[in-house]
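Worksheet for the structure shown next.
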Amino acid sequence: MTTVPKFVIGNWKMQARHEHGLQLARDISRRLKDAPPPPHLHTIICPPFTQLDGVHQALKETGLPHEQLGMGAQDCYPASSGPFTGDISAPMIRDLGARYVILGHSERRQNHGETDAIIRQKVKAATAAGITPIVCIGEHLAERNEGRAASVLSTQIEGSLTRGFRGILAYEPVWAIGSGITPSRDELQRKLTLIRALLPMRLMTDDIRVPVLYGGSVTSVQAPSIMSIEAVDGVLVGSASLEAQSFLDIIDAAAEATTPQPSP
Ligand code: PGA
């Protein structure tokens with residue numbers, strides 16, 4: 001029987017200056033080298049572009065396979081090269097060791113006007129460069145309160161994923177990001193079940209199992225409860241990934257919540 005992998009992903013956003021970022025990567029690496037999490041738990045660190053090279057070196061020193069401890073970028077451009085001042089392409093981040101890329105985060109949708117169509121182009125570019133896309137979807141508070149969450153999620157899935165999507169999906173309700181508020185277990189279970197039901201329609205097959213993660217105000221306090229929800233394949237962590245101990249606590253909690261206990 002194959003174990004479905006679980007994920008803990010740290011999104012540093014535009015935080016952690018150079019030395020701080022390197023130190024953070026080294027601290028996390030050191031602990032994971034000494035006490036590696038179970039192989040089914042995949043940890044991914046997503047620093048800013050400027051830190052990719054240094055973080056990659058720190059992670060490599062653990063000797064852990066990249067599936068177990070990998071690195072991702074926080075965005076990429078749809079084209080692979082060309083006259084696009086200030087942009088960074090998928091092959092460029094791949095050159096620096098990134099195996100993943102976060103796409104369609106609500107901060108990019110909001111601050112950079114990224115539409116589902118742009119995100120889908122980026123998914124194609126990442127996939128062509130051998131990078132696994134981590135696509136974020138999620139409704140705003142007003143949409144949730146007006147009972148429109150299901151149609152928002154459906155539109156985002158339909159618009160931002162490619163038909164043959166091979167990647168990770170992160171459900172990040174916009175109202176939960178950075179707010180200290182997380183959905184109840186019940187709400188999460190319902191939303192993730194809905195997302196899982198929508199996926200085969202977009203992918204036109206139910207043979208592909210897309211991991212579905214939750215993100216938004218995850219800390220080591222809620223991580224055990226969130227990770228124990230059956231429909232949750234992992235967590236995408238923002239601010240709590242900026243401090244080595246709090247991120248390691250989340251990894252430990254995820255490992256514990258997802259490791260099958262031997263029967264007595
Ligand atoms: P947060 O961010 O954990 O700080 O709420 C999550 C995210 O934006 O991915």
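Cβ atoms here come from the backbone N, Cα and C positions, even for glycine.
Going through Ser217, Ser220, Ser225 against TrEMBL, the one listed in the substrate site together with Asn11, Trp12, Lys13, Gly178 turns out to be Ser217.
Only Asn11, Gly178, Ser217, of the binding-site residues Asn11, Trp12, Lys13, Gly178, Ser217, place a Cβ under 6 Å from an atom of ligand 1.
For the recorded site, His105 (active site, electrophile), the DSSP three-state label reads coil.
Inclusion criterion for the recorded positions Asn11, Trp12, Lys13, His105, Gly178: a C-alpha placed within 10 angstroms of the C-alpha of Glu172 (active site, proton acceptor); this criterion is met by His105. Here His105 (active site, electrophile) is positioned 13 angstrom away from Gly178 (substrate binding site), judged by their C-alpha atoms.
Among the binding-site residues Asn11, Ser217, the residue whose Cβ has the fewest other Cβ atoms within 10 Å is Ser217.
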